């Protein structure tokens, strides 16, 4: 016993009698079972697949909003650090507006392009000291050109105040205010303005028609994909729960704004440290496009399968059953002897030819009956004539009896053939499509009926075989879909593995960032030690500058004293020169006295001569002459002594003059040398002062660098924390990928279920017995 025969017997026992007796009932029950199975499997698969894919789409949209929020947070932190570092430079120590302006101009070339202007402001005087914007220099707060100045500029705990976004020249900006700590006694700050339009380049839009907006705490749009946001009201209005949200969320299309031209799904994520929220709007048709496409494909497959079954039921099933019922009824009428039954039909297929064969059979039976009746009439006539001719009557009677018996035998054979045909047709109507009428009969009409019926049965058997083949094709397609789902499942698992590797790499990056943070801490400690050494050098430089100033003062005192000595030496030299002049005058006088003495001697000699001439009368005159001579001799001797003394004094005076000249020259040289020394000391003092200023700037720079390195250390710590968050998000993404792989496994399982239902369809169709050569694959 074959498996098919065993299954057929089981089905016959399980099905009610009216179903087993009716081909239409069997066909309807089989189709209904297949429709119910396919519909149930398709509905479950549609609902599960749609729900899982929609949940996955929502998760991806929230991830996209978080990525955009993280990018805005990084941009905001970078601009905050830019403003803080600008305020820590030493250029503000001298409070020189020109130097600060030049510094701002140079620094602006190194800052990001979205930094529009840098201002140096006095919070005490409420005015702009200098700025890269020439129109704001020396301007007071509250200017239309400086909307940020109309806000309360109060730096927060991190030393930087962030203004509310404002519109300036059609561009939405935000100002970062950092307090300058190197101007004691004055409250000054650096104000850096940045355009929020640059943020839009970091927005992540997952679909072609999605758009992203950055909304502040007042419900105004401060940045969007168009880069033209000017604080227009948020599309969902300021009372939306999205405005001011503090956690990542999702808003379905049912709650989206009525102002949009179509339904949108909205994902949002707050920006840490700000009242800003990133909102991602995606059309519902794009957000769930994959889910809709897959659901439509599933429904399309189910629709095609159901439409095919309905088409088969309406075309083949109902028409065939109706024709068989009519044929059965008319065959029963013929069996009852109702030979006037109408067997004309409009069909031209096998069933139509079967009706024609039954009509031919009816006509043949009627002709035979007429022949039998005519033979019976002839027999009666012959029996009447037998009275006239005994010998001929007996022969005729015997012949008539034989003819009658032959006619009755033919009628019995025809009745037997009709009963066999009727039994075979009942078996065929019960579902056994393998039965055939015996065409090898002596009646030509019955042979034609058998041939037509057998042709119709063969076509019906082929039709049922086609139904079985269709079920096989559905099973094969379901198997292929199952294989495709398995391939997609494997792809999902590959994606899950790739995300796992990304998670591992994110963990490695987190470890590297922690190592960098540790190295940065060590570098910060080293720079603080260098800053301490720079402070010691600055103190030494200040002491050297003080000693240089003392040396310069001492040199200046020495120059003053040498100049006084030079003046006194000059005065002494002048006095010696005057003495020398007086000595020259004395020499002149001594020369005159000597001349007078010589003349006096000459007079005395002349007097003695005259006295000698006068003899005794000239004694008195001689005495006088002697006295005069003696006096002249004494005067000459005194003049000689004076001359000798004057010569000695002159020689000493010349020596003194030469010495004074040499002293004056040396004093002059000393004054020049000391002056050069004083100039050198002055230059040295200036250089020491400059060096001290440089050392002080180096010390301040080292302090600033230490602070900057501390900020960098903090930033590296933040990056390390971000790496930790990235690793965590990678793990979450890996879990989501694993969940998606599980979902695909469910889809594969449901596809296998569809294949099983297709097999069930084939089994239902297999309850109709067909020949082995008509089976699929035969």
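All positions are counted from 1 along the displayed chain.
Glycine is no exception: its Cβ is also placed from the backbone N, Cα and C atoms.
Annotated domain 'HAMP 1' per Swiss-Prot: 318-370, in sequence order.
Look at Swiss-Prot and you will find 412-465 tagged as domain 'HAMP 2', backed by sequence analysis.
Residues or ranges marked as domain 'Methyl-accepting transducer' in Swiss-Prot (evidence: sequence analysis): 484-720.
Look at Swiss-Prot and you will find 522 (among others) tagged as glutamate methyl ester (Glu), backed by similarity to another entry.
Residues annotated as glutamate methyl ester (Glu) in Swiss-Prot: 739 (among others).
A mean pLDDT of 81 is what the model gives for the topological domain 'Extracellular' (48-296). What Swiss-Prot lists as topological domain 'Extracellular' is 48-296.
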Worksheet item: Helix, strand, coil residue numbers for the domain 'HAMP 2' (412-465) per DSSP?
Response: 40 helix, 1 strand, 13 coil
Item to complete: Over the span of the domain 'HAMP 1' (318-370), count residues by DSSP class, listing helix, strand and coil in order.
Response: 39 helix, 0 strand, 14 coil
